[in-house]
Amino acid sequence: MTVNTILLDFTVDKEVVADRHKRDLALMNIEAALNEFIRNSSKKHFMEMPGGFLQVLTADRGVFITVRGFVEGLISINIEYFKGEEEPPLFNYELSGNLQEVLSDKLQSKKSHRLPAIKRGTVDRYFITSDERILEYDIDEVLFEEKSPYQKVQIVHSKSFGNLLLLDDLQNLSERDLIYTETLMQRGKEDYRDKEIVILGGGDGALLWELLKEQPKFVTMLELDKVVMDACKKYMRSACGDCLDNYNGSNYEIIVDDCVKVLNNYIKEGRKFDYVFGDLTDVPISPTPQGEVWDFIRLILNNSLKVLKPDGKYMTHANGASSPTSLEMLESEFSKLQPSVTFTQDSAFVPSFMEDWVFYQVSFKK
């Protein structure tokens, strides 16, 4: 079940909105055009408002239509209706194009534009890129949803990406995102054989699963949210394999705890690792590197260096390539670290993110 919204915009002469006679003629033409496509559309309310006007119409099948006129020379038309699961859409993209063409002619529009139907309902289909552009997904089912003590955890099914893990309504990992994990771990560029590794976060299990294929000496994963692991164990097995079935294996251990607390214990004990993976929060989009998330990132960076061997590496994901300012701020934080570090950057197009994602590899200066 969805509420479908069709959006159409028409650029017209300013007089069409500002002049009462021309406005009334335009509204009459709009109503006539709508009646060619929607049965029994009729005006219910009209009001003048600062900067233009608003007209409301209704039609059969519970259709609700708003027509906004802006004195700058823009008329926007929003058509909204309820669509049941088995009902055909009132408008497909081709039909809305026909309506657009008729309206453009009647309004003598200089330019017009339409969007495919925006669908709202029981299944969320819209998510955002790192720089907050809207993406529509072909999600057809919610497989898992639970609010853990830490975040909202969902696994949904997409026809294109398979099962997709969402954390607080943001894309985290899908079954088609092996490239994300391989770029994070720099597969083929790093040698993990007989290495000691710690993963901070990584609750989807994908990084642990892929690292175990590289024959490491031992991998410790520190994940706070058991709900994430339980959900992925059931619904993301093509990504995490069976490594979440047991929290202890011959060469790995999963510790359900706050990674900051465990890192502090490692520092006190003098534990050192060949690799530390920061598979935690994304680098935030913010005007300055201030706030709780940035404080957390700085804490993780500093404490991770304290448990790295002299020739060890800290590996992390960052943000989308379309958010260069946040990446520059993270690199500025790298430059403040002590002991001094050097870093490299890599990126990959992650299918379910629908954008290039950036990863960093940090090591001590020689």
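Using N, Cα and C of the backbone, Cβ positions are placed for all residues, glycine too.
According to TrEMBL:
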- 125-364: domain 'PABS' (DOMAIN)
- Asp279: active site, proton acceptor (ACT_SITE)
Grab the pLDDT values for the domain 'PABS' (125-364) and give me their mean, rounded. 95
Other CB atoms within 10 A, centred on the residue listed as 'active site, proton acceptor': 24
